[in-house]
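Reading through the structure tokens given below for one structure.
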């Protein structure tokens, strides 16, 4: 098969760098250009030491971008929207990893991000979560990658809201996130001696990904996010708490997950009664495109605890975007996403 | 001042070992005996390498215990209650670090622990949290140390329930705990290559400490605990989520904390608008008796997120027990508990 | 191409489990059976959570092994040699990951391991390091995987001894190893609260891998190993110190490495004058089959510091064994070993 | 006893901050002023969260320094020497934690640091290692704190060179250091996602502390340092390799250590034949002023491996400086340095 050419804008950052890693191993993709203003002229491996010996690409400044079949954008939030015409003219297929075009609801966008420079384009991008929007993605030329915390939260809760098994009311979500989520730019807060060993409450209230979660879950539930950063480099562990409808049981929860995710190649239900690794753990999906999902029901109270573990840079960002691209191109959905993760 | 003699039953474990560390530096305590069945005959430093050069004590089997002024018991749950007479006869002052006598409500005990061998003794021990029971502790000969997760939860929530600022309804608590909480006994689950780097959902529902929390919080609120083990060795970060009464504000929350904790030597309210370390973080209370407490209010929803960070072995176990002992003996409350923690 | 059938003896351990992970993704291998006495009957993913959804294999007891094209043995040292006939009868191609048949020199074996049950078989296995023995491996039916520390040491030093650039005299090697090196069996020493955060001098003198190093390096140099365990789960960082021949320069060192490793698919020379990641670091080869090698010369003393970073379970064990198998079978040498590692 | 007043120049950094932590708990010291240009006006706890509730001090700019009994200087290397008169005029007792006045030999200084602005002052400061220079420290008004890596190396090797048990020849030292050693200033190299989990060869050759080591060890031996940074925040594990004189035995090594360190309050010889923690480990001296020292002899080769573990910020910097100050003032030598460290 002819390879498709691809360029990545902002490939020295963690999201862009992860898409680059995946694309370099993808049999049908040929990475032609990667941009980085700061590292222009440097070989890719200067920034991403894992790619030593894997490519001879050097970073170029964004001005030197040439047309390609696919353009992946990993720019600071707001930049793509500002320079939309320029980038949209370079490739028929656009994958944006920022928050610029994730939302459809302008009010929600305003509440969490402020004014949008191109509000008329909201709704023109398909939200790139295959588990929710596979059919639309088959025909999507413009795709907006989901937020990593939103991905974990939505994937954990979607079957329950779709299946109508939860009692109406607030859903409390605690997100254990990692330090790569804050990006590749050093700061006093990211200085290793300050950061290592910390459990840092990062965003107890008002998390921006709330908007995506609400917009994409059936019935627009009341979801409350609290984000705490561990000192893992990668990974998210989402736990959500809500109450099951009176009279419903664990069986109904199983049923809801099966109906929503039967046949999904990257969803695994993890729920063991014995053994060392009984529930989802972000460690064991590191580097992979899996979302491991589990739950536990407290019989006497009806409280349901839902868990989801993903790698924030793979299933949470570059992985679901590549999965969406595979769908769009009619390629096998798992192509380039086969890494199984490590144990121990 | 004359020193008081002290013996520790179960001093090779982590809780007993921590009390030992503190007691060895306490100016009015003289540790006479420490027991360990498995390590009987070995010097204390064989098990606790931090105590090299600090003491010549060797572990003895519990049968060789002699009378002392104070007896600290750190036995597996249930053992002290079974052998109560034997130990109670050895010292006028007893400090139990197990769960045997923490609860007053027999029904609660049964729900979480099963039958109690000496139900008539429930209620005879004072729950050793100085912030709640300082007055009773002044005259307490028998003290029951609080559970570490209960300590973090109660200290974070007590002022809010005492001050009546919360809307009635469920309170959702997420506890990020550490690997020392599971004790000193190796197991497949504690094997380093399996455990390191993991975020392990440990007890999503049905946590035993729920009983203590409910019993000691004003009004017996509906509290739901979910415990997740990070791979920190020490420390707890508790976050709780609930709603503020309509019309109440951040000021009322501040007021509630000030009223409950004004003058408390080991409570610090941590809530900074800027800087790197804005909220409580268990890392910076490691080795100390502090409970750092913070909160954040989501204005548009009235959701209050409360945080508390403690060292599970100090403020969560041996530290509050020693603080209680200081109170009981009429000594300065902070004696032996002065370590400020490390940065970085 | 027809797949070759493969069975793994001892697949619940870390070395066997890693070979299993690699083999499951290999296009020409079909894993038919995996043995584990302790976990017989359990699905593979019960032990290796990364393999959830990747295979339906269950562990079988070794007695149920059937003939296969290839047999991989990952047994405790000594077991394979004891039961040699039984296993050798099951497959024409044998890959042993233990130390039983690594050495040729019986005296060296005796010094480090004691008596050998089948001394006549020493020398019948080819040492499975492709960089040294590629030609012999093409025709090897019996292969002995190298020790992980020996792999790092040999790969770092081989070109220098082959090229004759070192002054005769002792070579001092410090090995920073990880906790998976001690295997999957829990012990008091591997208990997470005891192990995490430690830098544990593990084997300051008398390391068994000294035998392999000496036997396989040209000229049987005097090599001294000191092994220190960090609390990484995977990875080895080897540093070696020796003196360059008088008058020789960095250029000669470069030359030696180029001559020995030109064209090697899994050796990368890492030596940058600027940037964040200038030298080999085991973190960035985690999960990969790369050996990253670097060096630095102290001009005024002639001291040469050599570094090598590998993943102990991949390039250090299962990876070089699979690479050797690829060579033996005439398959592309990198097949199944393509994972590039992660950044960050 | 009357307290002595003390000021710390550069107290927002890690070395100055550590001296501050220790001084705040010292019964005979009263910290009057602490300087930080960047954080002037901020409370001390804004930078050092462990000191919340322990002091009301705020940082002042260095220009506002007033006279005190003791001045501790923790400035970037070179600054104190440049502004010597100004600071020397403020207090009769000066403790410098930089490298400016550590060396006596101008040639050595030049080789590693370049020209010295005040060469006539070299030799006027006493090197503040009590184990080597206790007598001189009793009368020292000006003291130069030792480098952290030099401290570990010297303390490990000093008894052997003093006792003459080593065969002449090169001594190879590998230093496993931590991230706090690079200071409090963020950089791309210290960015947590880049740094965490790394074993980063930091200074394979040409380490500046070589000068101190050579100058202070009897006989000016040939010592080669290689420094590798783990991702611990604190701690140094030094291992040294050399050969014992022919015919000498482990007993002679024991003898050398006993003679040099008998009665030393902060030196512990750690060498156990069994148990989990057999050798020095920086984890268990974290926060303490101990130097744990051990060794192992390889009988058949005469190779001696020496180990020393310290906390780089305590025994490696602020701790030995405070110990030296205690000696100078005639106070008990362990005052303010009693913390025993934590287990687990």
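Heads up, the Cβ atoms here are built off N, Cα and C, so glycines get one too.
Among the features that TrEMBL reports, domain 'Semialdehyde dehydrogenase NAD-binding' is placed at D:5-140. Across the domain 'Semialdehyde dehydrogenase NAD-binding' (D:5-140), DSSP assigns 49 helix, 26 strand, 61 coil.
The feature NADP(+) binding site is assigned by TrEMBL to D:12, D:13, D:14, D:15, D:36, D:37, D:38, D:312. Long-range Cβ proximity for residue D:37 (NADP(+) binding site), meaning a same-chain Cβ under 8 A and a gap of 6 or more residues, is found for D:61, D:62.
Taken from TrEMBL, the feature active site applies to D:148. According to DSSP, residue D:148 (active site) sits within a helical segment.
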- Task: With a CB cutoff of 8 A to chain B, go through the binding-site residues D:12, D:15, D:36, D:37 and name the hits, or write none.
- Result: none
- Packing count at residue D:12 (NADP(+) binding site) (other Cβ atoms within 10 Å of its Cβ): 23
- Message: List every residue in the same chain as residue D:13 (NADP(+) binding site), at least 6 positions away in sequence, whose Cβ is under 8 Å from its Cβ.
- Response: D:74, D:183, D:184
- Query: Cα distance, residue D:148 (active site) to residue D:14 (NADP(+) binding site), nearest Å?
  - Reply: 12
- Message: Can you check which residue among the binding-site residues D:36, D:312 has the largest number of Cβ atoms within 10 Å of its own?
- Response: D:312
- Note on the structure: From D:12, D:36, D:38, D:312 (binding-site residues), the ones whose CA sits within 10 A of residue D:148 (active site) are D:312
- Please give the greatest C-alpha separation between any two of the NADP(+)-binding residues D:12, D:13, D:14, D:15, D:36, D:37, D:38, D:312, in angstrom, as a whole number. 24
- Message: So if I measure Cβ to Cβ from residue D:15 (NADP(+) binding site) and keep only same-chain residues at least 6 apart in sequence, which ones fall under 8 Å?
- Response: D:74, D:97, D:313, D:317, D:318
- Note on the structure: In this predicted model, the domain 'Semialdehyde dehydrogenase NAD-binding' (D:5-140) has a mean pLDDT of 97
- CB-CB under 8 A to chain A: among recorded positions D:15, D:148, D:312, passing residues in order are none
- For residue D:38 (NADP(+) binding site), nearby residues of its own chain (Cβ under 8 Å, 6 or more apart in sequence): D:12
